[in-house]
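Only one structure is covered here, and it is reproduced in the block below.
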Amino acid sequence: MSSSEKQLSTPATIQTASTITICALYKFVRLDAYEALREPLSNKMASVDVKGTLLLAAEGINGTIAGPQTGIDTVLAFLGEQPGLDNISHKESYSEENPFHRTKVKLKKEIVTMGIEGIDPNQVVGTYVKPKDWNALISDPEVVLVDTRNDYEIEIGTFKNAINPNTETFREFPDYVAKNLDKNKHKKVAMYCTGGIRCEKSTAYLKEQGFEEVYHLEGGILKYLEEVPSTETMWEGECFVFDGRVAVNHELEQGQYDQCFACRFPLTDVEKESEHYVKGVSCHRCHDKVSEQQRSRYAERQRQISLAEERGESHIGGDIQNIIEERRQEKNDKKAKQANK
């Protein structure tokens, strides 16, 4: 596994006592007693005013948290004291506001959901490639470059000449591999994601499928943007992030995008001028896919968020992680209904 990484603030980020540190972290490690860690970890986060969501599973830990630097340091130190959780890979960036409204520690079957049994990055994984060596690798004409992220993430930025698998969720990635990649034809495959975790599992999956030369970007896109100068970059656009910032630019500053809470796709200011855009309810991509029941529920949630903002309060309905979970549950419910027909 890669060692812990502390993402330095850019010159444009002036840190003060009120600056919020955003920390993305993960580690694949066997956690036999992960259920017992849930309550003490949640209590520790709450005690130091750290918000966000952490996922615990038998295969490890994953998530993004935010709060004062002292709080983040306290949580990381607490995790480091737990069996197997020392040297957690983490990256830090900074914001003037906390992008999360709640503190959550959830128990899961997987810390990143592929839905394939037996894939263990601790046993087999692709070759890590440092950000400084990434450009040379993906410039090799024999290398097939695959973006393992979801379609709404790729919409606003990707590496030059990368393949978009057109997946809505990471669960669809194995099916993409089965239909589009051939171990006898594609001798070199390179993959990347936001912070590195999906690539740990996707490269492990390809190795299990018999692909020999499999590479992935160590530390993900965020580490690449931190270390590779914009004058040398092969990254095009902005990088989607799973918090209230929606996206960051090459300087790791908050980008120019908002997000449709209905379909999760990023939106520009111009796109928000569409007649189909209703804040918190729909946009030009999904207006004809949102049911009346959903439209009514989304509108009420947005009304509650607006009322909370007027009172100077935060509302959990505006938390990106909460919205993602809501959409995922809706999809699962829909699939369950179709399966029962």
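Every residue, even glycine, has its Cβ placed from backbone N, Cα and C.
Feature list (source: Swiss-Prot):
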- Cys193: active site, cysteine persulfide intermediate (ACT_SITE)
- 306-316: compositional bias 'Basic and acidic residues' (COMPBIAS)
- 324-341: compositional bias 'Basic and acidic residues' (COMPBIAS)
- 139-233: domain 'Rhodanese' (DOMAIN)
- 306-341: region 'Disordered' (REGION)
Averaged over the domain 'Rhodanese' (139-233), what pLDDT does the prediction give?
96
Among all the protein chains here, how many other CB atoms are within 10 A of the CB of Cys193 (active site, cysteine persulfide intermediate)?
23
What are the DSSP helix/strand/coil residue counts across the domain 'Rhodanese' (139-233)?
35 helix, 19 strand, 41 coil
